[in-house]
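Engineer: Not my notes, these are from Swiss-Prot:
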type	residues	note
REGION	1-159	region 'Disordered'
TOPO_DOM	1-215	topological domain 'Cytoplasmic'
COMPBIAS	1-10	compositional bias 'Gly residues'
COMPBIAS	17-55	compositional bias 'Pro residues'
MOD_RES	146	phosphoserine
REGION	158-209	region 'Involved in subunit assembly'
MOD_RES	161	phosphoserine
TRANSMEM	216-236	transmembrane segment
TRANSMEM	241-261	transmembrane segment
TOPO_DOM	262-288	topological domain 'Cytoplasmic'
TRANSMEM	289-309	transmembrane segment
TRANSMEM	318-338	transmembrane segment
TOPO_DOM	339-369	topological domain 'Cytoplasmic'
TRANSMEM	370-390	transmembrane segment
INTRAMEM	414-435	intramembrane segment
TRANSMEM	441-461	transmembrane segment
TOPO_DOM	462-889	topological domain 'Cytoplasmic'
MOD_RES	668	phosphoserine
REGION	754-889	region 'Disordered'
MOD_RES	754	phosphoserine
COMPBIAS	760-784	compositional bias 'Pro residues'
MOD_RES	771	phosphoserine
MOD_RES	779	phosphoserine
MOD_RES	786	phosphoserine
MOD_RES	866	phosphoserine
MOD_RES	868	phosphoserine
């Protein structure tokens with residue numbers, strides 16, 4: 001008997017599939033894993049020896065193994081041997097054959113069998129006979145069905161459809177600007193979406209898109225009912241027409257649907273701090289609050305009235321016309337105006353999307369809400385003015401009968417009634433005539449009370465709105481009232497009062513802000529951006545700041561304080577201790593000295609910076625010529641920032657020494673600090689290069705100021721005396737001791753014009769000043785003063801050379817950003833000495849100014865003694881310079 005039609009192979013165990021216990025040892029590789037030769041047609045397998053029951057010894061192949069090389073054999077090997085026991089595809093293939101066979105006519109494996117209890121009931125199978133007839137092989141549909149079932153055995157169609165997923169997303173809050181602002185982050189929005197999913201079926205989030213569109217639709221129906229229903233009740237007798245019935249049916253249906261949806265919509269508690277999504281809590285909360293009002297306003301009174309109307313004859317209907325008052329239950333829909341708050345929240349969402357300001361949005365919404373409420377009350381009052389006489393069958397002393405308007409059209413009646421109501425509410429009259437009946441008198445008083453209340457609310461809201469739109473001006477006015485009371489209390493003269501008034505006008509310009517509080521509430525990056533935008537250009541005009549670290553400049557900007565000075569005010573006075581430096585944002589100041597010499601400084605200039613380091617006394621006075629808006633920087637804040645940037649402190653000190661040297665003064669404190677840093681080896685190559693560039697650009701700035709304005713605070717200095725080579729060598733040695741990297745002499749037109757500096761004569765022929773002949777012609781004003789001038793591209797037309805470090809952007813050193821410093825009017829202005837125009841061509845870069853040792857060794861107008869014999873007699877120049885510097889300190 002063929003094994004395919006029999007009940008099973010002799011000796012084969014019914015449970016051929018391993019149980020989910022410890023897996024048996026892997027059997028030897030089956031022959032189908034080796035590439036078999038093309039087999040001949042397989043003969044029908046006859047009964048053979050039974051395969052062993054022990055899994056490790058299951059090496060004998062069944063008769064159908066001869067077909068493994070064919071197409072169905074390859075397909076079966078891909079499907080894990082057609083569900084043979086012990087293969088992964090057994091479960092899926094066992095149910096893939098419609099005739100009870102495993103894909104190609106083999107007996108299917110069914111549960112139960114002797115080996116089942118030993119290996120587990122879920123995976124033990126027994127072979128049962130197949131139905132008669134040929135069995136088709138496994139087709140693509142069977143394989144697709146097997147794969148669709150999945151490893152977890154999920155049935156087809158278990159996932160939600162696309163439409164269901166889309167509708168479910170409408171019930172959840174979307175990821176948009178409004179949701180992100182309400183919940184804080186996208187992660188919080190996703191958590192809220194998970195809350196909606198876990199809350200139950202058909203739970204609507206109050207911030208979902210579905211609820212938004214539904215509320216907007218209900219708002220339209222609500223406005224329509226609040227306007228149309230009073231008109232229909234009052235001015236129309238026949239309410240059984242088709243349009244009226246359709247409107248009532250549609251509106252009542254939507255109100256009932258809204259009543260049901262409110263039981264499934266989350267409730268926002270305590271200013272959006274908590275959202276209730278539990279169905280039980282939603283139901284209890286809604287029943288305790290707005291359910292009664294919504295239910296009463298949603299009762300289909302129209303249907304009940306139409307049903308009752310058909311059973312009443314005409315006579316009874318005339319007497320029952322007063323039942324129309326029942327339609328006033330729709331007026332309870334007025335309480336639905338409280339849902340306008342939800343509309344306002346979504347209007348805010350639209351405003352944020354279109355980048356509208358909050359003040360404009362709140363102003364528009366408050367005005368629109370107030371005007372809409374007043375118009376709605378006027379509409380209701382007009383309907384009430386005609387409804388009461390109508391219910392009384394138009395007595396002779398009512399305003400309708402007096403004017404003979406009983407049979408007029410409803411539009412004329414409504415117009416006169418609305419005019420009468422608005423006259424009462426605005427308290428401007430009684431309409432066409434004064435009330436005569438007692439009913440009209442009471443209606444008039446009621447209208448006046450409602451109108452006065454609305455008028456007061458409108459005035460209050462409008463006043464608060466105007467104040468909120470310009471709170472800074474209101475704050476300024478309140479502050480100035482206090483100032484006026486102060487001046488009156490102290491009986492100040494009229495000129496003082498006018499001066500104080502002008503100061504407040506220019507200082508605050510009609511608006512007062514608490515700038516410190518506003519900036520203090522912002523985060524650090526935003527505050528720095530605002531400060532940089534307001535005044536960084538002013539500070540960047542300084543060479544020290546232009547070549548400084550941007551972080552240092554930002555730290556300095558946060559310490560600035562805004563001040564305003566009037567014409568004639570002395571900002572600083574000569575002889576006082578300097579505690580501030582100033583940056584001019586707008587205005588003109590004059591720098592005055594004892595010699596009555598003036599120098600004008602305007603927008604972008606600065607003065608008083610040397611005193612930040614020395615805390616010395618002012619050498620000049622600064623007076624405001626116009627209204628000046630300045631930024632001040634105190635010495636304490638300046639030093640606080642310099643503690644974090646020691647290199648910038650050394651740069652400030654070096655520039656201060658150079659400036660003092662140019663005006664013929666010195667400061668022992670700064671000299672001691674620089675000498676200490678020099679001896680301790682604090683200066684490195686990069687810092688020294690940065691400081692050299694700062695000093696160079698500071699000198700070039702003074703040079704450009706001298707070219708543009710020859711008038712200074714002092715007369716032109718005398719020409720520098722002739723010097724010997726020994727003194728020049730000492731000067732170079734002193735410069736090398738201050739900065740070891742500098743091995744070339746200091747040259748420059750400014751240094752030649754200084755009475756304290758000496759110059760080594762250029763090699764070659766003697767300068768023209770020493771010859772008895774006429775002096776050489778001066779350079780034209782537009783020509784560069786020296787070969788170094790063409791390289792100073794920030795002031796010329798050539799490109800600037802790259803600076804020594806990454807913190808030295810040459811583009812910041814433009815001529816426009818180099819205003820004159822107020823500490824430099826003390827510099828000797830005037831035409832440079834004769835040697836300035838005959839300066840030799842040299843490629844050396846100007847370095848720091850001469851050290852105090854060089855100044856001590858060099859002859860000057862202040863010191864007429866000769867050079868030190870030690871310096872001229874061949875002593876070490878560096879030792880001589882350092883010894884003299886120590887003696888000066």
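The backbone N, Cα and C atoms fix where each Cβ goes, glycine too.
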Engineer: Tally the residues of the region 'Involved in subunit assembly' (158-209) by DSSP class, grouping H, G and I as helix, E and B as strand, and everything else as coil.
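Structural biologist: Split into helix, strand and coil, the region 'Involved in subunit assembly' (158-209) gives 31 helix, 1 strand, 20 coil.
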Engineer: Please report, as numbers and ranges, the same-chain residues at least 6 past the borders of the topological domain 'Cytoplasmic' (262-288) whose CB is under 8 Å from any CB of it.
Structural biologist: 182, 192, 195-196, 199-200, 202-206, 211, 294
Engineer: Please report the distance from the Cα of residue 161 (phosphoserine) to the Cα of residue 668 (phosphoserine), rounded to the nearest angstrom.
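Structural biologist: For residue 161 (phosphoserine) versus residue 668 (phosphoserine), the Cα atoms are 88 Å apart.
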Engineer: Helix, strand, coil residue numbers for the topological domain 'Cytoplasmic' (262-288) per DSSP?
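Structural biologist: Computed counts for the topological domain 'Cytoplasmic' (262-288) are 13 helix, 7 strand, 7 coil.
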Engineer: Taking 10 A as the limit, how many CB atoms besides its own sit near the CB of residue 668 (phosphoserine)?
Structural biologist: 10
Engineer: Around the Cβ of residue 161 (phosphoserine), how many other Cβ atoms lie within 10 Å? Please give the count over every shown protein chain.
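Structural biologist: Result for residue 161 (phosphoserine): 9 other Cβ atoms within 10 Å.
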